[in-house]
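Participant: According to Swiss-Prot, the record shows the following:
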DOMAIN    286-483  domain 'RdRp catalytic'
REGION    53-82  region 'Disordered'
REGION    249-256  region 'Promoter-binding site'
MOTIF     187-195  motif 'Nuclear localization signal'
MOTIF     203-216  motif 'Nuclear localization signal'
Amino acid sequence: MDVNPTLLFLKVPAQNAISTTFPYTGDPPYSHGTGTGYTMDTVNRTHQYSERGRWTKNTETGAPQLNPIDGPLPKDNEPSGYAQTDCVLEAMAFLEESHPGIFENSCIETMEVVQQTRVDKLTQGRQTYDWTLNRNQPAATALANTIEVFRSNGLKANESGRLIDFLKDVMESMDREEVEITTHFQRKRRVRDNVTKKMVTQRTIGKKKHRLNKRSYLIRALTLNTMTKDAERGKLKRRAIATPGMQIRGFVYFVETLARSICEKLEQSGLPVGGNEKKAKLANVVRKMMTNSQDTEISFTITGDNTKWNENQNPRMFLAMITYITRNQPEWFRNILSIAPIMFSNKMARLGKGYMFESKSMKLRTQIPAEMLANIDLKYFNDSTRKKIEKIRPLLIDGTASLSPGMMMGMFNMLSTVLGVSILNLGQKRYTKTTYWWDGLQSSDDFALIVNAPNYAGIQAGVDRFYRTCKLLGINMSKKKSYMNRTGTFEFTSFFYRYGFVANFSMELPSFGVSGINESADMSIGVTVIKNNMINNDLGPATAQMALQLFIKDYRYTYRCHRGDTQIQTRRSFEIKKLWDQTRSKAGLLVSDGGPNLYNIRNLHIPEVCLKWELMDEDYQGRLCNPLNPFVSHKEIESVNNAVMMPAHGPAKNMEYDAVATTHSWVPKRNRSILNTSQRGILEDEQMYQRCCNLFEKFFPSSSYRRPVGISSMVEAMVSRARIDARIDFESGRIKKEEFTEIMKTCSTIEELRRQK
């Protein structure tokens, strides 16, 4: 039967139909192949926006650098990065005038953080450029490798465990004439297999020492590796994102801490808050503008879009901002904060994997690594790629491109928000000195601008002034993509405002369903998502009840745990039927053991085990939650667990759910296919790391031991703990004298070995 889809909307207010226009059902698009082309696009575009700047050469690396700061102001509407230093400083001064003491207080807060932060802060985060291996690694491994190299080069400040001391090592490493690193490489040998008598390739992993001179080391320390951003919906073209190395990360963290502290005190900032708190902040600004425009004024709102925010920002501008913000602070603090923008002014973009070539006739595939792009004959490339390579060639050094202007995606979100808010702040009447005035909201590159004026001409004048002020600070409001409505209807960071925020339910669609962690977590996350959407996103009771039934169905199909009395045959049905038949109280069985579903929309907040506990047979309780049962996982689980939810846009969100440890809370093992590759050496390092940590946790069994504050090593801590435990166990009669003596002897041997080392 054909249904005219417009009939669906006859009774629905227009604003509630927003959900239907979002591209958020189904799988998001992922990128394949290399990101080299996207990265070259970014580098070339960034230079084009600043092309009328001044060229200089970096004295250490020889990289050509373009500086657009205080460059010629644009005559047209094309995006450009010519920010004017004096304007930025003045905007900062006015921001401070409107918020007395804001910079001072934020500096004091940040100084405390700087002195307390430990180096393990840098292990957070996913992929990180590992400069020792010249490719991406998990953050913890990259940090471990960096520290290992530093120590073998005699840089030992990091041993205190404080981040600031690690950064001292980073600064000292940049003055070294050479740095010695260990690289992993792979040897292949053809040998004859004794059994099958065939030739096979044997791989062995070797480690070798390798010296980097000052120039090579600096290039690596200043390198951002690039990847393609995955899972971006609603875009035809992919784009490149950057991941910085460990030398840059620590400095960026402190700058962002300062900027975050400032953003928290600014009512126009959409960061660092999120969710309902953000909506409340926005609603306040709107209310303020509406209240003041009741009789004489008209009020309009621009749903704003900036052209290429990151590519027109400039690290030199951020340096000026930081210099101003910290002007009355101690020298050490000012120095440590100014290093991140200085490093970004000298950054190099790694071009990624390079290009893949296929010859259809000869069935050959070959990869052209990025390092070769500087001197390969361009006849092999198509027109668009040829143009890109020609343009980027003058900037290339060792397969990386010098990229002085621009900030890669997501590096200084907080600080760039401060810059944006400083323009919104200038809209007060005491600064505009005329009849129009403005206010608004800023969250990284997204903004909403509310302009009030006595008449339309005033509104137009206000918008023009805002537009031109932005240009002075290197921000380019897009006239094509921004649109204006009477205040009361606008969109900001995918929140749709229409006399109040409209629930944009489609954005939550990807997080419904079975997550695939394990039976216990999935049940808990599934009902929590439904509960949260009833609270935050206008999910009504009838729809929620339906969502719940669909979820349970989905869950049963995923884990093949249909009810014990069902006719559906699956791999597990034999076991489940057996359990069903021998259980007296069938209502007590968990859904994942073939039990009935007892959830409805009134009890979503109760973990399933608690909901059914009173209904369970005693022996079932004993098997399900007995800590001595080898299948009950107590390793990861605390009373509240975190799941990473992927919302339809924006970063992955952490979602809390209640976790009860049962036989269903298993943790799956990792895929081992990595063992045959050149990564194997790294994996072995990682396993050793893992073993040490596991051993350490055995000595300190509480899952939440406090971080050791002293400088004693892990080994010393374990030895002293072993001695204390042994003495207590011996005195209480839990162990025999011989065992006690043996433990003490082992401890002394370990200490002796450490001394000899």
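Including glycine, each Cβ sits where the backbone N, Cα and C put it.
Situate these features within the shown structure.
Facilitator: Summarised by DSSP class, the composition of the region 'Disordered' (53-82) is 0 helix, 8 strand, 22 coil.
Sequence-distant contacts of the region 'Promoter-binding site' (249-256) (same chain, six or more residues past either end, CB-CB distance under 8 Å): 110, 113-114, 117, 119, 121-122, 125, 128, 163, 166-167, 170, 318, 322, 336-337, 339-341, 343, 411-415.
Across the motif 'Nuclear localization signal' (187-195), the DSSP tally of helix, strand and coil residues reads 0 helix, 6 strand, 3 coil.
For the motif 'Nuclear localization signal' (203-216), the model's pLDDT averages out at 89.
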Participant: Could you tell me what the rest of the chain brings near the region 'Disordered' (53-82), counting residues at least six beyond its ends with Cβ under 8 Å?
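Facilitator: Residues 46-47, 214-215, 218-219, 222, 307-308, 311-314, 316-317, 345-346, 348, 394-395, 397, 402, 404-406, 471-472, 474, 476, 478-479 contact the region 'Disordered' (53-82) from elsewhere in the chain.
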Participant: Which sequence-distant residues neighbour the motif 'Nuclear localization signal' (187-195)? Criterion: at least 6 residues beyond either end, Cβ under 8 Å.
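Facilitator: Contacts with the motif 'Nuclear localization signal' (187-195): 201-206.
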Participant: List the helix, strand and coil residue totals of the region 'Promoter-binding site' (249-256) as derived from DSSP.
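Facilitator: Summed over the region 'Promoter-binding site' (249-256), the classes give 8 helix, 0 strand, 0 coil.
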Participant: Within the motif 'Nuclear localization signal' (203-216), how many residues are helix, strand or coil going by DSSP?
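Facilitator: Summed over the motif 'Nuclear localization signal' (203-216), the classes give 3 helix, 11 strand, 0 coil.
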